[in-house]
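Marked as Ca(2+) binding site by TrEMBL: Asp79, Val82, Gly84, Asp86, Ser88, Glu97. Per TrEMBL, the feature substrate binding site maps to Pro169. Marked as heme b binding site by TrEMBL: His199. If you look up TrEMBL, you'll see Cys47-Cys123, Cys80-Cys85, Cys129-Cys332, Cys206-Cys238 marked as disulfide bond. The feature domain 'Plant heme peroxidase family profile' is assigned by TrEMBL to 35-336. Taken from TrEMBL, the feature signal peptide applies to 1-26. Among the features that TrEMBL reports, site 'Transition state stabilizer' is placed at Arg74.
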Amino acid sequence: MTRGQKCVFFPLLAIALCLCIANVDAGITLQPPVKLKWHYYRQHTTCTYAEEFVRHQVKLFWKADRSITAKLLRLLYSDCFVTGCDASILLDGPDSEKTAPQNRGLGGFVAIDKIKEVLEDRCPGVVSCADILNLATRDAVHLAGGPAYPVFTGRRDGMSSKAATVDLPSPSISGGEALAYFKSRGLDVLDLGTLLGAHSMGRTHCRYILDRLYNFNNTGRPDPSMNKAFADQMRKQCPQRTKKGQSDPLVFLNPESSSKYTFTESFYKRVLSYQSVLGVDQQLLFSNDTLQITQEFAGGFEYLRRSLALSMSRMGNINVLTGNAGEIRRNCRYINDGKTQ
């Protein structure tokens, strides 16, 4: 079934998907098995106002620092795409997932800790860290101009976190490699094109784009798919070699959003004008499906909002723990016996 051709109403998510992406074969529902429930805490637990507590805390963090949206988006991706949405990325330990090279620079942990502290004070032992991360990300996305999509809840927390399990790919991979990675997680090409829109905001270290700027595919030249004026601009921010004692500079993923940290269609417009910062984003132009998706989203932000609502829910459904699996952590940084496995 395609997420296009006609207007589809999917009551379970309460999302009207009126996309004009006529030839892209993509899911319009959560991938099975669906183990989570909408309004789980309100209808099935004593923590009736769990989502409201999360939303209030996120708003406080967002008012103080709008970069919290980008931080939580990356944190959720780093959690769900490894062993599933089980909050294993939040566990501390000398060899935990957060110590993996791919996760260097992750943020948002303090916000999750604070939300968990508030919830444990009001309804101890009820709300999982995995659900907190998904809910907090949704609320931060909405504050940044994205959709207020429904989050299915009822996740439980994983009890293991190993750096060796982290297989997050390089941002320089090809479009085909990126799609294969998404498909290995039960997602599809429209999820890929949509979720890369998270790069509408946030920053990255120059080391992730030096190959594009100076030595693309070991040619000794810049990536030919990069707008020349933009490449010149980026080289000024990212020197080929940093001076002794100088840290790796940070650059905005979307210079038009920059420090405003807002969702807009400008990310996709920049892809179309060959002004993507990350190589994987520019790859959206080089297949018929992702080109069509990019053109649709660049032409209408409402299409992106609707697709983002479903794709975020689909990502949040990857390998979740429910029932008697896992646990409800008292502290998101440690499993309940105090040891990270």
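Numbers here mean position along the shown chain, with the first residue as 1.
Cβ atoms are placed via backbone N, Cα and C, with glycine included.
Any TrEMBL annotation is an automated prediction that lacks curation.
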Residues within 8 Å of the Asp79, Val82, Gly84, Asp86, Ser88, Glu97 Cβ centre (excluding the Ca(2+) site residues themselves): Ser78, Cys80, Thr83, Cys85, Ala87, Ile89, Gly158, Ser161, Thr165
Arg74 (site 'Transition state stabilizer'): tally of other CB atoms within 10 A of its CB: 21
Rounded to the nearest Å - Cα separation of Cys47 (disulfide bond) and Cys129 (disulfide bond): 14
Cα separation, Asp86 (Ca(2+) binding site) to Cys129 (disulfide bond) (Å, whole number): 8
Those disulfide-bonded residues listed as Cys80, Cys129, Cys206, and which of them has the most Cβ atoms within 10 Å of its own Cβ: Cys129
Model confidence over the domain 'Plant heme peroxidase family profile' (35-336), averaged pLDDT: 96
Among Cys47, Val82, Cys332, the one of these recorded positions whose Cβ has the fewest neighbouring Cβ atoms within 10 Å: Cys47
By Cα-Cα distance, the member of recorded positions Cys85, Cys123, Pro169, His199, Cys238 nearest Asp79 (Ca(2+) binding site): Cys85
